[in-house]
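Novice: Got a structure for you, questions after.
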Amino acid sequence: MTGPTTDADAAVPRRVLIAEDEALIRMDLAEMLREEGYEIVGEAGDGQEAVELAELHKPDLVIMDVKMPRRDGIDAASEIASKRIAPIVVLTAFSQRDLVERARDAGAMAYLVKPFSISDLIPAIELAVSRFREITALEGEVATLSERLETRKLVERAKGLLQTKHGMTEPDAFKWIQRAAMDRRTTMKRVAEVVLETLGTPKDT
């Protein structure tokens, strides 16, 4: 069981909220996740219910359909993301791919196009969780929006170099930067700057 766990909490399954207005799809998705060891803490049939359940249960992840009654998935995702409750994976039909950019702007961390299999779903979940942790960690380090954007840009470039030059995965590269900052009692921004300087890539002017 590799999908729902992390090194730190290997025995604890991820807690998932599912928001999907089609009952059969919602049931299939819940069964699929339970078989992989995830815990389903709530099931919502519309966007408003999804927001309410997210605030109530504080899940580790929200899987949200884009098109839902009462309140669409993008609007609901925007509120959940703005409150930093949990990372969000959005589900969209092939014909709705134009909505993916809107979903990303709303704060979704990953998306899947229906129909999908469990082999598609697990990587999307892990990507969403990883990105959410990065953003949360970076926001805890810097106060202003402009500083956050600058720091994220530097960290993204440093991660790219670590992936290219040292063969790290994206999550491993971020963990390396985060751990280096903690070990040296400095900021992730400073570590990213050192990585860029050391690997010979000039900083932006």
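Heads up, the Cβ atoms here are built off N, Cα and C, so glycines get one too.
These came from Swiss-Prot, pasted as-is:
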DOMAIN    15-129  domain 'Response regulatory'
DOMAIN    135-196  domain 'ANTAR'
MOD_RES   Thr2  N-acetylthreonine
MOD_RES   Asp65  4-aspartylphosphate
Novice: Can you give the mean pLDDT for the domain 'Response regulatory' (15-129), rounded to a whole number?
Specialist: 89
Novice: I'd like the per-state residue tally for the domain 'Response regulatory' (15-129) from DSSP, helix first, then strand, then coil.
Specialist: 59 helix, 25 strand, 31 coil
